Amino acid sequence: DKGPGFVVTGRVYCDPCRAGFETNVSHNVQGATVAVDCRPFNGGESKLKAEATTDGLGWYKIEIDQDHQEEICEVVLAKSPDTTCSEIEEFRDRARVPLTSNNGIKQQGIRYANPIAFFRKEPLKECGGILQAYDLRDAPETP
């Protein structure tokens, strides 16, 4: 089923603190390779694999030429050009994107994926203080 095409866009960054979210020392990764991978809901072989490289600001665009309503599609990290920030962590290396017109999303053909990150092997020295500033204690329990 050909259907309308889509443009998947998103950003790749380096997480030098291994925090799992962006901090003030995170930076975008230029020249990173990402792929869109679509698989049937019930598992099985990939139905689509398309790659792109990030620009100078860490953004990528991948054109997809058909509807993938019956599949789960994800943008997945493939390769980092930055050897100091090239670790890929399972489950944190991907962002799901809906590539169908039958889901109520009104943006005509554009799908924005959540940012995805490569990690440093060892966090930067200053990361302890940076993460303390975010005050990541558990929220109080609500009665």
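Keep in mind that glycine also has a Cβ here, set from the backbone N, Cα and C atoms.
Under the heading disulfide bond, Swiss-Prot lists Cys14-Cys85 (among others), citing similarity to another entry as support. Under DSSP, Cys14 (disulfide bond) is assigned to a strand (E or B) in the three-state scheme. Cys14 (disulfide bond) counts 23 other C-beta atoms within 10 Å of its own C-beta, drawing on all protein chains shown.
Marked as disulfide bond by Swiss-Prot on the basis of similarity to another entry: Cys17-Cys127 (among others). Residues within less than 8 Å, Cβ to Cβ, of Cys127 (disulfide bond) and separated from it by at least 6 positions along the same chain comprise Pro16, Cys17, Arg18, Ala19, Thr23, Val25.
Among the features that Swiss-Prot reports, disulfide bond is placed at Cys38-Cys73 (among others). A C-beta separation below 8 Å, combined with a sequence spacing of at least six in one chain, links Cys73 (disulfide bond) to Val36, Asp37, Cys38, Leu48, Ile64, Arg96, Val97, Pro98, Leu99.
Feature annotation from Swiss-Prot assigns N-linked glycosylation site to Asn24; the stated evidence is sequence analysis. The Cβ of Asn24 (N-linked glycosylation site) lies under 8 Å from the Cβ of Ile130, each on the same chain and at least six residues away in sequence.
Around the Cβ of Cys38 (disulfide bond), 19 further Cβ atoms fall within 10 Å across all displayed protein chains.
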